[in-house]
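S.K.: Here's a structure for you.
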Amino acid sequence: MGYRSRSGSPRNRLYPRHVGFGLASSPRNHGVDSETAPRAEGGYRGCLQTKNKWVERDFEREYGKLQQLEDQTKKLQKDMKKSTDADLAMSKSAVKISSDLLSNPLCEQEPGFLEMVTAFDTAMKRMDAFNQEKVNQIQKTVIEPLKKFSSVFPSLNMAVKRREQALQDYKRLQSKVEKYEEKERTGPVLAKLHQAREELRPVKEDFEAKNKQLLEEMPKFYSSRIDYFKPSFESLVRAQVVYYTEMHKIFGDLSAQIDQPGLSDEQRERENEAKLSELRALSIVADD
């Protein structure tokens with residue numbers, strides 16, 4: 001099945017039937033009598049039409065691959081932007097939380113807690129700084145290259161539109177030639193047929209040139225995507241590795257400053273439950 005356009009309608013841009021120049025107009029020159037000439041010409045056209053359908057199918061296949069690549073590139077660019085925005089929002093929120101804790105009156109009354117919150121605030125600000133560096137690196141080496149790659153597609157699509165217009169002109173003039181070929185071969189008809197063929201020739205050459213260029217260059221453009229994107233995604237991996245390596249150091253240092261040595265998570269949980277039970281035992285929070 002051939003590729004469909006983005007609107008969902010199937011493409012049906014078949015080449016016009018090619019004319020066997022001179023075959024029908026002067027069959028005696030080719031050893032064909034007037035009765036067999038139409039049959040021979042019809043068979044010739046049929047073969048060329050079949051060939052042109054295959055060529056058109058090749059074109060639609062290659063262009064369809066590039067349409068998919070364009071859509072996927074835009075989606076990836078959008079997803080990467082969402083990811084970096086979410087990363088920044090996360091680290092900014094963490095800094096806001098630590099800042100709010102520092103301004104809490106509890107910190108003024110409890111030096112030990114103030115020391116812990118200060119260490120936490122310092123860690124969050126370091127995390128935010130490294131996160132900003134990571135996002136800047138991703139923006140420069142991943143998102144911007146994706147954006148530049150996407151900017152090429154409008155020119156490609158315009159070249160395809162020019163080919164389509166050339167194809168329509170080709171089909172229109174081809175139909176005109178065929179109309180005169182079907183008429184009785186009188187002098188005026190032959191003159192008009194000759195003129196129509198002369199009009200068709202440069203239009204046909206223009207279409208074939210545009211079509212050939214696209215068929216040659218579209219596969220090259222598609223195959224270049226790996227070499228283009230590979231450095232970007234290598235840079236993405238490196239940026240993530242650097243960031244999470246630094247996060248391991250930052251939170252390792254923070255843990256060393258605020259953790260009570262020798263306590264497991266289960267022990268901390270039991271301590272919290274015990275303190276919560278003491279609070280619930282107070283008369284001001286007791287259930288009626």
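Every residue, even glycine, has its Cβ placed from backbone N, Cα and C.
Not measured: the values here are computed from a predicted model.
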S.K.: According to TrEMBL, coiled coil applies to one of these ranges: 16-43, 156-183, 184-211. Which one is it?
M.R.: 156-183
S.K.: Can you say which of 1-44, 89-132 is given as region 'Disordered' in TrEMBL?
M.R.: 1-44
